[in-house]
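One structure is given below, encoded as structure tokens.
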Ligand SMILES: NC(=O)C1=CN([C@@H]2O[C@H](COP(=O)(O)OP(=O)(O)OC[C@H]3O[C@@H](n4cnc5c(N)ncnc54)[C@H](O)[C@@H]3O)[C@@H](O)[C@H]2O)C=CC1
Ligand SMILES: O=C(O)[C@H]1O[C@H](OP(=O)(O)OP(=O)(O)OC[C@H]2O[C@@H](n3ccc(=O)[nH]c3=O)[C@H](O)[C@@H]2O)[C@H](O)[C@@H](O)[C@@H]1O
């Protein structure tokens, strides 16, 4: 099939490349000339394991190309995927200006009566498929199109794997012909395909992200209660997760969820509810717990030093919002570092790949170093903020030898608490002192 993919962020670039790899002819469009130029040189603007080889392979086979010309891409396509950003606005609602602009541009690009399926892959409010259809038809009243919703569920850092092996595909189809084309496109990926209407499909995406965020805030709340009673959240989560109805995933307590999606999507869903005069109390609580959670590490440090942390040097291990990405959007590290510097501490930070993206978000006097052991050396305390594999390998002995004071605050509960304590380290995890 011939595909046009509009937007080459995580979703557009990864899904476009994967569909090309499955044998489709894919043109990826971005409005940013320098991004398109970089992509044509296989200089991939995001860090995503496996992506570069896949782009190179399919580009060289002439199945995948990059352009700024939306007009010719839409003209060529049987299916147009919209994958532009839907960031949050001040009110918490999704900013739909990029999607609406693309809809208008698609309308302007359609000049013939060929049948095309337009697909929203961006995470969008319920009712957007209808709005996009209206906008396209406003530009081109005779456009022979159906607008559908196929939300994306990939995770950053494992985007290629998630796209080739999805748990499920949701197709929100507005018409039988569109449904069968989308089934044909997606059937090589999985048998687990749910076909529904566009509105339900749009809601499935928000509800899924909100549910995962709820699981995280729930376990963080239990961790905070564990803290107060000297129970161990790791044991608690393991015990809970063995119940099939609960499941073990997304029960890692820590410093709250970040990233480009959970924070904005929970807010956007809340906003959607309030627009229809429904007060979503659970979503509000999820956000409130998450907001508080990023302060836990500094609270632990304060507890150890009776609030007197002025003049200390704290080593920050990890800046990205999670491992295997250089994405700094809503990364808890930013809040933690600002809190430390506001309290008069100095910060020495390290991250394998996110340091460049982090620089402008951090106070100027934060010292970013290349190596974890260099960050720790002579610091008064170390904070494990992002659980990169290379940080997990730091031993109790390394901390003991290099830190000025053997204080380790483990924001992701990855170190062996008992071993660290046996080695004389003052170890605090989240919900496991
Ligand atoms: N990042 C992720 O892991 C996931 C994101 N999503 C959703 O997918 C959507 C896209 O997210 P990302 O890929 O992270 O976006 P992004 O913000 O990283 O990239 C969007 C791209 O679209 C381009 N663009 C904007 N307007 C354009 C136009 N008129 N014509 C051509 N290109 C245009 C931008 O230049 C940019 O390169 C969002 O709604 C997001 O919530 C869904 C699942 C996973
Ligand atoms: O809509 C999206 O953009 C995507 O959002 C998330 O993917 P992502 O943000 O890449 O990362 P996750 O692995 O889900 O982690 C999100 C945040 O939750 C935190 N988290 C995750 C799991 C956990 O047990 N505990 C926890 O604190 C992570 O540290 C991170 O800050 C979802 O997992 C994807 O399914 C979805 O497609």
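The backbone N, Cα and C atoms fix where each Cβ goes, glycine too.
Under the heading active site, nucleophile, TrEMBL lists 261. Per TrEMBL, the feature NAD(+) binding site maps to 30, 35, 86, 123, 156, 264, 329. The substrate binding site feature in TrEMBL is assigned to 153, 154, 155, 156, 205, 250, 251, 252, 253, 254, 258, 322. Residues or ranges marked as domain 'UDP-glucose/GDP-mannose dehydrogenase C-terminal' in TrEMBL: 315-417.
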Residue 153 (substrate binding site), Cβ-centred 10 Å count of other Cβ atoms over all protein chains shown, is 17
At a 10 A cut-off on CB-CB distances, which of the binding-site residues 35, 205, 329 has the highest count?
205
Please classify the secondary structure at residue 205 (substrate binding site) using three-state DSSP.
helix
Under a three-state reading of DSSP, tell me whether the residue listed as 'active site, nucleophile' is helix, strand or coil.
coil
Residue 261 (active site, nucleophile) has its Cβ surrounded, within 10 angstroms, by a count of other Cβ atoms equal to 22
Nearest to residue 35 (NAD(+) binding site) in three-dimensional space, by Cα, is which of the binding-site residues 205, 251, 258?
258
Do you know which of the binding-site residues 251, 253 has the most other C-beta atoms within 10 angstroms of its C-beta?
253
Measuring Cα to Cα across 153, 154, 155, 156, 205, 250, 251, 252, 253, 254, 258, 322, which the record gives as the substrate binders, how far apart are the two most distant ones in Å?
24
Does any of 35, 153, 205 have a Cβ within less than 6 Å of an atom of ligand 2? These are the binding-site residues; tell me which, or none.
153
What counts of helix, strand and coil residues does DSSP assign across the domain 'UDP-glucose/GDP-mannose dehydrogenase C-terminal' (315-417)?
35 helix, 18 strand, 50 coil
Number of other Cβ atoms within 10 Å of the Cβ of residue 123 (NAD(+) binding site) across all protein chains
26
The correct three-state DSSP answer for residue 35 (NAD(+) binding site) is helix
Report the nearest neighbour of residue 123 (NAD(+) binding site) in space among the recorded positions 253, 258, 261, comparing Cα positions.
261
List which of the binding-site residues 30, 205, 251, 253, 329 have their Cα within 10 Å of the Cα of residue 261 (active site, nucleophile), in sequence order.
329
